[in-house]
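TrEMBL has this to say about the protein:
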- 6-30: transmembrane segment (TRANSMEM)
- 51-70: transmembrane segment (TRANSMEM)
- 82-101: transmembrane segment (TRANSMEM)
- 145-166: transmembrane segment (TRANSMEM)
- 178-198: transmembrane segment (TRANSMEM)
- 210-230: transmembrane segment (TRANSMEM)
- 250-271: transmembrane segment (TRANSMEM)
Amino acid sequence: MLSLPAAINSLGETLFSAGALVVFLTLLVYADTLRRVLSRTLPAAAKTHTAFVISVYPVVALATLCAVIVPRAQLLAEAVTQGVFMAAVYQLWCLLVAYCGGEAELIRRVKPGSLNPRVGPCCCWPCCRLPLLTVNKRNVSFLRVLVLQLPVVQGLLYLVLLVMWAEEESLYEVNYMYLQPVVVLSILTGIWGLLMTIKMLSTVLASHLVLGKFLALQAVLLLAKFQGLAARATAWYSLLPCNPPLTPTVYANLMYNTAMLVEMLLLALFARALYSREIPDLTDTRDESQPNQVCVIEVSTQKDLTSSPAKESNNNNNIGAIADETKVSYKF
């Protein structure tokens, strides 16, 4: 039986080199996007959250390249992809709040609007008849909890899967499908909370390209999940060749990882176009309109040089020259 290094031919070496080049380009795009974001007139908190959100693409690309070079690191790469995405979703929620200047300022700007829970994925159910909610601190904190559970729950689940895989790979394969309902429910709940927040702020952050930034991040999860499922299906149904030690699973993972590398570069370019645009700083109070103070100066000058006593009907006293009598009044 050939060893793994002997089975890697020139085509494999070319693939590794091309993957490394794609990762390098993704890192360059990330650095350029970060430079543009830091040069904008935005709150420091918004810049910090933005830096974390756009770091998803190079981190996922690096983890994927490791899985290409070391096939046994596939599960670890998937765990990193899942974990960094879930953390980035919460950071995106915090970014929306930072755009508004904090939770208190968000509530002030949204009122007298309402919080509509009838958004995807909840609105996909025919029985969804949830009432509109008042925008207050309690409900905003509820949205934060919905999104925050994503990295917590997903991290714990993947920790359990990694422990099973380290103990016995067959144990992981048997229990993987049983944990998927919990994974899906956690993801749908977190996305529901984020979509409610986006719809609530659709008017306040109309010029901040919020929906595009959400889609650029959501694409990471969709591509990872659906392409990973398709890759596993090709291995399950023996659609790929088996040349030991290169099994159909190795071939499937190689196809999946190659596609992910290219897609992360494209998504990084898309995120660069979104986050590089100028957006208004809602926390900057210098441009807010101040109450106008109107100053009206009314000046009337009366010069009467008449000295004729005939012009006085009720007074026989002679009036001399009345000169330069000035009346000034100020109104504010």
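Glycine residues also receive a Cβ, built from the backbone N, Cα and C atoms like all the rest.
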Checklist entry - What stretch in 51-70, 145-166, 178-198, 250-271 has the biggest tally of Cβ pairs under 8 Å against the transmembrane segment (82-101)? => result 145-166
Checklist entry - Where, among 51-70, 178-198, 250-271, do we find the most CB pairs under 8 A to the transmembrane segment (145-166)? => result 178-198
